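*Asks:* Structure in structure tokens, see below.
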Amino acid sequence: MTNAESRTVLRILDANANRAGEGLRTLEESARFILNDLSLTERLKTHRHDLAVAMRRWNRFQLIGSRDTPGDVGTGVRTASEQSRADLSSVIAAATTRTQQALRCLEEYGKTADSEFAACIESIRYQCYATFRELELKMAGLNERSRKLVEARLYALIACEPNADCLQARIAELVDAGVDVIQLRDSRVDDRTLFEQAKLGAAIAAEREVLWIINDRADIAVASGADGVHVGQEELPVDAVREVVGPERLIGLSTHSIEQVRLATRTTANYIGCGPMFPGKTKSFDRFPGCEFLTQVSDAERSGELTLPAFAIGGIGLGNVEQVAQSGIGRVAVTGALAPHDGLHQTAMGMREILERVPLRVTPNSSDVCPPSE
């Protein structure tokens with residue numbers, strides 16, 4: 001290349017390095033202050049630092065010397081969409097697009113002088129694609145459903161009812177007792193029956209302003225208009241479920257160890273179930289992680305490692321919910337204890353009273369979880 005061409009390449013590299021760095025910092029701040037997501041914040045910070053390391057292959061003073069902001073014809077070009085952002089998600093979308101384009105420019109023009117630099121940028125670009133996807137999906141989840149979820153204390157699991165009136169009455173008694181989330185779980189019925197009850201339940205739950213979740217069946221969750229789906233470790237992986245339900249619906253994931261909790265934070269799951277805690281009447285298990293597991297989950301919340309709402313599950317009732325609360329978890333999912341009986345309302349309210357003594361660290365506006373500044 002001629003000297004003039006080399007100088008032009010340096011100008012392009014300088015401009016796009018600045019653009020990519022600014023975009024990554026914008027995204028990092030979103031992960032940190034909007035999502036309160038430690039994992040995403042750390043990854044975005046790593047991408048930004050990797051970019052800075054790659055740019056050290058170029059002489060900084062030559063890059064700065066090539067800069068000609070007053071003479072750059074592009075600084076005066078403006079579009080209407082650049083001057084405003086509709087919401088926080090649009091800020092993220094603009095920053096991800098800008099960063100990806102800048103990285104591509106760095107890679108392509110870098111090839112003219114340093115193939116190793118171009119390879120470094122290519123690697124960063126592909127890593128960013130994965131991180132940006134997760135960030136945008138999590139931002140899309142900041143909706144009314146997510147708000148209700150993070151404020152929830154009491155989650156009930158129910159089976160299908162004989163008819164519509166019975167289902168309506170069942171949901172009503174749970175909501176009146178203080179239940180925030182209801183999951184329909186019934187492997188005994190055929191798909192048509194499950195769909196019809198799921199659809200009716202979704203309409204009733206929406207009217208009563210509680211969340212309605214379908215167990216296992218992502219297809220029925222979408223078709224029925226449910227708020228989300230809950231899956232276990234042996235069902236479809238979360239990323240595959242997300243492809244079915246889209247960014248707006250909630251996904252819950254069962255976890256049985258702190259290792260599975262850590263893996264859950266790397267997915268687009270919106271909440272986790274933690275257990276089984278104690279022997280129950282609805283399911284049989286070979287082992288019970290118990291309160292030691294819950295303490296690990298609580299510690300992960302406190303440190304910022306876990307930013308997903310965590311519901312303890314498995315054999316929990318009024319007689320042992322105090323143990324859950326003492327472990328530092330203020331949310332539970334319950335089946336047997338909230339089965340229809342004369343004392344259901346008192347049981348639910350008693351459980352809520354105990355759970356509400358535990359502060360919810362994961363909240364819509366939580367500022368408790370925040371990585372240290374540079």
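Just so it is clear, glycine is given a Cβ too, placed from its N, Cα and C backbone atoms.
Not my notes, these are from TrEMBL:
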type    : residues               : note
BINDING : Asn215, Ser254, Lys283 : 4-amino-2-methyl-5-(diphosphooxymethyl)pyrimidine binding site
BINDING : Asp216, Glu235         : Mg(2+) binding site
DOMAIN  : 11-131                 : domain 'ThiD2'
DOMAIN  : 155-337                : domain 'Thiamine phosphate synthase/TenI'
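Any idea what these are sitting next to in the structure?
*Replies:* DSSP gives Asn215 (4-amino-2-methyl-5-(diphosphooxymethyl)pyrimidine binding site) a strand state. Its own atom aside, the Cβ of Asn215 (4-amino-2-methyl-5-(diphosphooxymethyl)pyrimidine binding site) has 21 Cβ atoms within 10 angstroms in the protein chains shown.
For Glu235 (Mg(2+) binding site), the number of other Cβ atoms no farther than 10 Å from its own Cβ, over all displayed protein chains, is 17. DSSP assigns Glu235 (Mg(2+) binding site) to coil, not to a helix or a strand.
When averaged over the domain 'Thiamine phosphate synthase/TenI' (155-337), pLDDT in the model lands at 94.
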*Asks:* Let's check the environment of Asp216 (Mg(2+) binding site): how many other CB atoms sit within 10 Å of its CB?
*Replies:* 18
*Asks:* Please work out the number of neighbouring Cβ atoms within 10 Å of the Cβ of Ser254 (4-amino-2-methyl-5-(diphosphooxymethyl)pyrimidine binding site), leaving out its own Cβ.
*Replies:* 21
*Asks:* Fill in the CA-CA distance, Asp216 (Mg(2+) binding site) to Ser254 (4-amino-2-methyl-5-(diphosphooxymethyl)pyrimidine binding site), as an integer in Å.
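*Replies:* Asp216 (Mg(2+) binding site) to Ser254 (4-amino-2-methyl-5-(diphosphooxymethyl)pyrimidine binding site), Cα-Cα distance: 11 Å.
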